[in-house]
Amino acid sequence: MGNKLYNFFASLNKFRRSSFLSIIILIVIFLLVKALDQAYTLLVDMIERDATSLILCYIIISVFALVISHYPIYIYYAKDINDSKDENYWYAHIWLGFYKIFTFNKKPKSAITTNQNYEQDYMAKFFRYSLGLCIFSIWTYYIYKTYEPKLLFAFGSVDIFWGINFLLYGTPFLILLYMLPKKQRIEKENKTYRENNNENTDNYNKFYTRGVIIFYVITILSVILLLITAYGTSFNFTSYILLQLLTLSLALTYIYFRLFRSKLYDFASVFLIRKIEVNFNYVVFFFIIALLILGLLIYSNIAVAYGYKIVNAMVILFGYLYIIYYGLACILKYLFVIQAMKHQSEAFKKGEIDEDIYKKHSGIEESKISRIIPLEDQEQFVKCGRRRTTYYLVIMIIIIGTSMIWRESSVHALDTQSANPRTDNDVVKMETYRNELQQRIKDDKPLIFVASHGGALKANIWTMKVLNHIQKKTNGAFLDQTASFSGASGGMMGLSMYAVLSGQFPKNVQNRFDLIEKRIDTVASEDYASRDISYTLGWDFIRKATGFKEISQHKDRAYYSMVAYQNLLEGKKQKEHRMLTNESFQSYWKKNIYDLNGYFPALLVNTSKTNGRRGVFSSVRYNQTERDLFLNADNLAQLEPITLENNEEKRAIVSFYQAVSCTNRFPGFSPAAKIKGYGHFIDAGAIDNSGLLTSLDWYDYLKNSDDAIIEPETNVIFVEIINGKSNYIKYILERFQEKINTDFLQFDEDEQGNLSAVISAGANLDKNPDYFSDLIKRLEKRGRKLDETMMDSIKIANNSKKYRVKHIPIYLPRVITIDDVEGFIGGKVMGIIDNNEKLKIRDSLIGFIREKNNEIFERTENLENKFEWDTYEPTLARHLSKSTLNYYDKILERDSLIKLRVAELKTQLGIKE
């Protein structure tokens, strides 16, 4: 037992030493799939409307599985990890006249001159082959997590699927574990088969013939399943089954290919496929796939700049990972194989290698032997290779060192124009804005401040749909009484874009809200994730690393995303309009939005400066003497200094869409925006992910400035548009605590290490929004009440001095689980309800959650057929599926909480049902 355990760990160590790069890339893939919620929406979208991307995804995954399990063998043999350096001949093929391809073939026993006792380690081989299976296991997990909310709807519980998933994960590994020893036994029994037939020849032939035939059968089955899944299904339970079966089928195809590739020519060969038996052709196949993927990635970068159709972001992401791994693997292979060839060259000089036997075992046709570097030239080839390696390493060190010292900073700089601040009258000034508001809040009409939380495209589209829904239900009265729009990240994008759409379809347009709704759906259907990933790992990265900005005038990914938004919002053709309007933020808002509607809420675009200050673009121009209007903030719509150009005063201005883009700069996905003379700005959510802070600044100004318009009796309403899952969980917990009449929810906290505790606290974007939201609730609680509710004259007098405030949060309802809730609070819910039933609080909470989930299911899906799905809950993504848009629409029309909030607003606006 002890010896077996030792051999197991020895094999594991050999595997680790040869496969470290493959292990790293697998960990990266798993973390990306597990950490990025938007990956789930990408799969749903491929199922619904992008069959081509789904097919490409599976092709790349299948080849990737082969690549990451193939290249470690070169390190394994060349590094002499298993005393195997003299077991193989090494060949350097010159392909296409310049490209070197390295292969190896096993030496005949008679050619092995050393006395080392080499035995193939089949357990290490099992681990290496398992690398490819790991990709399929990760994809199986990814499919399950994508479909998990719908499986919960269909079956009420997903517990049974955990067991099924482990079966799907484990079956390929068990088959491989069974087939490898069997192949080893057959090979041992027939080790002299090629020289002499023996009594085991029939078993040998039968084993390999059967294996090759099974490979072809499973391959054909996989192709059929792929086509049916891509073109014959929609988003339903059937597609889930097909995806899992397809992944399992491809995993089995991978196993049989790895086991029987070397026999494809000899047993049941098929034209073209059989040629991959030859090691040279096998390696060339990987190279050709790499070139095709590289071509796809180059096209994707061009498509971003010129508005062409682009494939799903998952294809692009896997494409980049393939290219990165393939490039690194080729470099490592080269470094190690050069050493093995040096050893081989020395052995040839000593007369230990027969050149005729060497050529005979190359595995290629005699007519193509000439492309192999002869043994007598390999010493010079190795020397030249080592010189080149040293040269390339020095160049790389210089480039890396230079890029660390000199950093390209102009790639993400915003374009600024010059304007005369004295003659630039095409803006709305604070006095005009205040006077307009003052007229609108007469007769107890409300003054509304709208704030919207961040959350990528999910928040963007939810915000626009909520605004349009309320506008439609109030016949436009809602925005007539709104003072300002303020938000963060995706929420601010949604507010800004709805402002643009209100200018495209102003008050005099018939059916304007229906037209706006169609335009919102058009914006939501665009694939922004593919654009961002293409440029993040492509042209933007290359330009920043090399300084190519100086010879390339193309903009960055944030710019081209805004170009796509501009064209979709304004109904322009993508291919014909590739530049943003250069009109200033304040001027564009006035001419294209405010003037066309006679009035429009102030647009307050937030961003975060890297030194901790805020940045605010205010569409209303205010005096520079009022620098404290927005606390700890730069006034980015009125940049300073004012300079003299040709005896004329000038100031720099930022265009409308580039200003809006500053709010949506989530680190990693979007670059920090650079404004010359002001610094770098990132996503607004870094300081306040709700927009409430700026709303409170604006409210305070209108309430306490010298020309204040808010009086104690003014009906002030803060409308908070919320899309986050954690915010909804918090709301559900508050309702649950009200139901069981408790102020405190007891729980057994999960243990956290110091580092994870710090990371959790730092990464939480709800700290400030929760504070500001609670502050407004407190202002409402302590604020002015209706006089008729009071009898005491002193209380009435005190009440008259208080300011009237109301808070109306609008949540995006979500299906949640007890795991979501306990993850939010940080532990397992404990305690007993203090009543006659003595029910556990956790059990009662599970029942409460199920009740709320069932309400959502009733409003979003067909309960008569739980295996066909119309909707999919939005994820934190820059890509939405058609079913997600259906989810938004059904929630807005049918959800009781949304109906309650709309009814509240209609009451405040004086609109009768």
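Easy rule for this one: first residue shown is 1, then count along the chain.
Just so it is clear, glycine is given a Cβ too, placed from its N, Cα and C backbone atoms.
TrEMBL lists 20-43 (among others) with the feature transmembrane segment. For the transmembrane segment (20-43), same-chain residues at least 6 beyond its ends with a Cβ under 8 Å from one of its own Cβ atoms are 68-69, 71-72, 131, 134-135, 138, 141-143, 145-146, 312-314, 317, 321, 324-325, 328-329, 332, 456, 529, 872, 874-881, 884.
Sequence annotations record features per position, and here TrEMBL assigns transmembrane segment to 55-77 (among others).
Sequence-distant contacts of the transmembrane segment (89-105) (same chain, at least 6 residues past either end, Cβ-Cβ under 8 Å): 74, 77-78, 111, 279-280, 283-284, 287, 333-334, 337, 340-341, 344, 353, 358, 361-364, 371-373, 378, 381. If you look up TrEMBL, you'll see 89-105 (among others) marked as transmembrane segment.
Taken from TrEMBL, the feature transmembrane segment applies to 126-144 (among others).
Packing against the transmembrane segment (160-180) from elsewhere in the chain are residues 122, 125-126, 129-130, 133, 136-137, 140-141, 144, 148, 151, 244, 247-248, 251-252, 254-255, 259: each is 6 or more residues past its ends and has a CB under 8 Å from a CB in it. The annotation transmembrane segment is assigned in TrEMBL to 160-180 (among others).
Summarising the annotation, TrEMBL assigns transmembrane segment to 213-231 (among others).
TrEMBL lists 237-257 (among others) with the feature transmembrane segment. Counting only same-chain residues 6+ beyond the ends of the transmembrane segment (237-257), those with a CB under 8 A from a CB of the stretch are 47, 58, 61-62, 65-66, 129, 132-133, 136-137, 139-140, 143-144, 147, 150-151, 154, 168, 171-172, 175-176, 179, 211, 214-215, 218-219, 221-222, 225-226, 228-229, 867-869.
With a cut-off of 8 Å between Cβ atoms, the residues of this chain six or more beyond the transmembrane segment (278-299) that come close are 56, 60, 63, 66-67, 70, 91, 93, 95, 99, 101-105, 261, 265, 308, 311, 315-316, 319-320, 322-323, 326, 363-364, 534, 538. Annotated transmembrane segment per TrEMBL: 278-299 (among others), in sequence order.
Here the transmembrane segment (311-336) has long-range neighbours at 21-22, 25, 28-29, 32, 38-39, 42-43, 45-46, 50, 52-54, 56-57, 60-61, 63-64, 67-68, 71, 74-75, 78-79, 100, 102, 286, 289-290, 293-294, 296-297, 300, 385, 389, 527, 529-530, 532-534, 537-538, 878-879, meaning same-chain residues at least 6 beyond its ends whose C-beta is under 8 angstroms from one of its own. Under the heading transmembrane segment, TrEMBL lists 311-336 (among others).
As annotated by TrEMBL, transmembrane segment applies to 389-406 (among others).
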